[in-house]
Amino acid sequence: MIHLKQPLVLSAQSSNVASPLFVAGGQQRRASGAGRTCSGRRLSARRISCASTEEAVGVSTSVTTKERALTVTAIVTAQVPTSVYVARGLDDIQDLFGKTLLLELVSSELDPKTGRERERVKGFAHMTLKEGTYEAKMSVPASFGPVGAVLVENEHHREMFIKDIKLITGGDESTAITFDVASWVHSKFDDPEPRAFFTVKSYLPSQTPPGIEALRKKELETLRGDGHSERKFHERVYDYDTYNDLGDPDKNIDHKRPVLGTKEHPYPRRCRTGRPKTLYDPETETRSSPVYVPRDEQFSDVKGRTFSATTLRSGLHAILPAVAPLLNNSHGFSHFPAIDALYSDGIPLPVDGHGGNSFNVINDVIPRVVQMIEDTTEHVLRFEVPEMLERDRFSWFRDEEFARQTLAGLNPICIRRLTEFPIVSKLDPAVYGPAESALSKEILEKMMNGRMTVEEAMEKKRLFLLDYHDVFLPYVHRVRELPDTTLYGSRTVFFLSDEGTLMPLAIELTRPQSPTKPQWKRAFTHGSDATESWLWKLAKAHVLTHDTGYHQLVSHWLRTHACVEPYIIATNRQLSRMHPVYRLLHPHFRYTMEINALAREALINADGIIEEAFLAGKYSIELSSVAYGAAWQFNTEALPEDLINRGLAVRRDDGELELAIKDYPYADDGLLIWGSIKQWASDYVDFYYKSDGDVAGDEELRAWWEEVRTKGHADKKDEPWWPVCDTKENLVQILTIIMWVTSGHHAAVNFGQYHYAGYFPNRPTVVRRNIPVEENRDDEMKKFMARPEEVLLQSLPSQMQAIKVMATLDILSSHSPDEEYMGEYAEPAWLAEPMVKAAFEKFSGRLKEAEGTIDMRNNNPENKNRCGAGIVPYELLKPFSEPGVTGRGIPNSISI
């Protein structure tokens, strides 16, 4: 991958080229419609309106019977890899001969004489003395009409990043029209086909200026590709494939993994790479690095330095050998002060010797954790104290905090209201054992101190459930066959107090039956004696592990990263770059495909970080497929529908939501953000679609939504809950869901990872020992009775697992310096339309107001789930942030 470091000046002086040209599309301007008005009425073929700087998209003049030519200067702002300074070679020769960038200007209008596209204006752009610029001067007939597109052919032997192209008529800067490019342009030696860039004026398909209709369709065909051959680095082809590249059976037969995206293992689709299949398994694709993603989906230089599979992998590969002599790969920490030492004393890092060049690599990748010992030249791997531990080092041990985090922690999207009792499994009892839960009426009512019956508590909406029983139970025996790990199915019931806080009543752990053993299940409560109290703490550790694993595999990876990739692919394949919906969604897709490719390369792959350190081991991603098949629905990805579906909210007669838990920080702040996004989407759709008929008649939009359903989420294509994209209301809901998932939902489940899981006893990723009372073996019970704290520590992740996860979460929780936050930057196409610009400014203003509202909520002592002694305030849905690990900020996209 080539990363940008310094902008390079590439420029030249080109001779005038006498050809037809004129200009349509400009920054902060409104187009005349390129031969039509915005309503679709044709303009006179003999008159080209002279637009103002505020409203015009094109530069134009009144044409009389005598044809005249205008001089148009094209200024290209470019940025190319810094390696060009070292080895320019053939490109220097090309520059000397004037062949650098070939520009072609495409008229929005057809030639009235022939009814065909006007002849294009061509000219070479050459280096100038100004850094990073090319310039061309072209002679353009006044009758050329508005420019609807610029074609660019890169004559260099290397790709080039072009930021924008500015067209100036007659040397008058006030006529400047900017084509926003922000794209890599391949060398013609890689692909002779020039790139096409359209005006910032957005057009529905039916409103496309006739001169660029064919080009609009051709561009989409190019982006779709032909579905054959292996993709190359410079290409921009978007296509679908199954998750068949997680395994590596040619390297190790134990690394064979099932294909996800089949009838047996349903899954969203990923971007096709076309790599050959492995020798051992014809269904598995060979692995390679880097993994192909379309060129413009790749990281910027700044982002690439912040996170990539290479940096992550090299950082961990440097850490592990460096600390291996000091840590035990299979043992846990012997006492809690040893865990605390990770944040105070740290682990010595050798500069040479056992760790090789470990210090330099680690310092480059995760500099936050490398610190110098005072008055020495030695360095240590010392983790930052997570905010939760900084505020209250014992909070993780308390039941109140355990419950509070289900509403305001890392995974606040899984708790449900208990609406049916008794609790019964939906799994086959012939396979897994009796379906009835061990959480009986007697146990729950006892833990409620007889205040009310279970039925009364359910009626008053006081009972809530965290249910990881049916999703994990089928994997219990398989996971237990893996070394040094165990698994149960679990259920936890909570009671809503009069103060609006939750308290856990009971936990159920279940082991399914097997050919040699009956089902085992038991309900645990915090009890009134030491033994029951410690068993309760062990049971909580198992539940926290289940919640942590489900969070990472489903709430985070599946519901954001994996499910969004099909939207990105379909958007690029079916919506033109000049389609208003494309331009609305594009900022929400930044970096996601590259992040997902890197995750397949280093995080979720066979023997990757997730498999090595999380509860389900090699079954982890397969388990996310089970969750996708059983529970994922597009319609309930809408925050209000999700809350209603989980019984956490009801819709009143006035349409507003009423929460079952008044102080539910994720829901409170989330609805604030959701409402802002929906209003922005509604204002945007209202501008471009005047009626439901406009939506239903949009052929690109229809093809886009059809492809999302039938190709991107093909394993769910026949589900009845898919909305139909045929009305403005439905379109607004669809767009709001996509924008919410990529922004608010992802921010809520990602950027608090180090704050809450950086201290791993609070969010263990794996439990390595069965709870002692399962087998009731004398030796285990004797050890438990003598040293219960030691049993807990031996159950938690090993020293090496903990270090690996902590280092990974430090990287994954961080905002890049080039992060783009929602509501912060307007796209050039939005600025080109005054009404859209005004709508965006209102959207941005609402998000700024949300910052203050969230601060007030966090400072209100009545909100006990987000304000109190030692409590981490809920800031994950505050829209803006500084770079680094901050625990706040909503980027536009899934960028990490």
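Each Cβ is built from the backbone N, Cα and C atoms, and glycine gets one as well.
Of the residues I339, I347, I413, I896, Swiss-Prot places I896 in the same Fe cation site as H556, H561, H746, N750.
Counted within 10 Å of its Cβ, the other Cβ atoms near H746 (Fe cation binding site) come to 25, all protein chains included.
Per DSSP, the compositional bias 'Basic and acidic residues' (249-267) is made up of 3 helix, 1 strand, 15 coil.
Proximity of H561 (Fe cation binding site) to non-local residues of its own chain (separation of 6 or more, Cβ distance below 8 Å) is seen for T592, I595, N596, A599, I894, given in sequence order. Other residues of the chain with a Cβ within 8 Å of the Cβ centroid of H556, H561, H746, N750, I896, the Fe cation site, are W557, T560, I595, V749, L812, I894. Note on the domain 'PLAT' (80-199): DSSP counts are 17 helix, 57 strand, 46 coil.
Mean pLDDT for the domain 'Lipoxygenase' (202-896) in this predicted model: 93.
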